[in-house]
Amino acid sequence: MIRKDAKRSALVLFSGGQDSATCLAWALERYETVETLGFDYGQRHRVELECREGFRNAVVRAFPAWADRLGEDHMIDLSVLGAISDTAMTREIEIEATANGLPNTFVPGRNLMFMTIAAAIAYRRGLQVLVGGMCETDFSGYPDCRDDTMKALQVALNLGMDTRFLLETPLMWLDKADTWRLAHELGGAELVELVRVETHTCYLGERAELHAWGFGCGECPACRLRKRGYEAYLAGENVTEPV
């Protein structure tokens, strides 16, 4: 059962990927008005960003009740983040572990910047809730995806803007199988199919072949995690071991 809070409005960090798409559905089921926010920070491909409009349009067609709640979409040019980053998310380099144990897909400061800009937009537009797809269960060790980070950031943003934002991370303690299950709980098989077909997770931007779990190369860490989570969801299992 999803608790509804119809008097509140939310801004969802929406990249066009599976996690943020599920968070968007979660917010649409919960809040009266929901706006979306994406960032172009010089990613190595634009496939995920290009999925954003298609998923939003598909949700409007498939779920009329949500269509009335879905508000404006915002796209922010954050190319400065790509300019100061040297990662596999912003450069054509092999995906591998670095000396500190983190994969080189980690973009330092990314979620901190995303949430800070989201808060500034929400402040201007009178939105009370910020929603992000950060997760500490199925993740690669990114420090800016941790629950402690998000809680500390909520405090800092509220102090710095003298407001009472609520930072919601509905996937924080879910594995990928649970994320597929949440989509089913929110919108049934139709939403699961929209997430499968209309979103993109692959680090390499491969969208030539539609697999059972969605589009992707099938080999990068993001694809393997998505694939394994989908298979576990179909089998009714949990997936908590690292890929």
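Cβ atoms are placed via backbone N, Cα and C, with glycine included.
Lifted from Swiss-Prot, the feature list:
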- PHE14, SER15, GLY16, GLY17, GLN18, ASP19, SER20, ALA21, THR22, CYS23, LEU24: ATP binding site (BINDING)
- CYS202, CYS217, CYS220, CYS223: Zn(2+) binding site (BINDING)
- Item | binding-site residues compared (LEU24, CYS202, CYS217, CYS220, CYS223) - the one with the fewest other Cβ atoms within 10 Å | CYS217
- Work out how many Å separate CYS202 (Zn(2+) binding site) and PHE14 (ATP binding site) at their Cα atoms, rounded off. 16
- By Cα geometry, the one of the binding-site residues (CYS217, CYS220, CYS223) nearest PHE14 (ATP binding site) is CYS223
- Of GLY16, THR22, the binding-site residues given in the record, which has the fewest other CB atoms within 10 A of its CB? GLY16
- Note on the structure: For SER20 (ATP binding site), the number of neighbouring Cβ atoms whose distance to its own Cβ is within 10 Å equals 24
- Message: Tell me the coarse DSSP state (helix, strand, coil) of SER20 (ATP binding site).
- Response: helix
- Item | Cα-nearest neighbour of CYS220 (Zn(2+) binding site) within the listed binding-site residues, GLY16, GLN18, SER20, THR22, LEU24 | GLN18
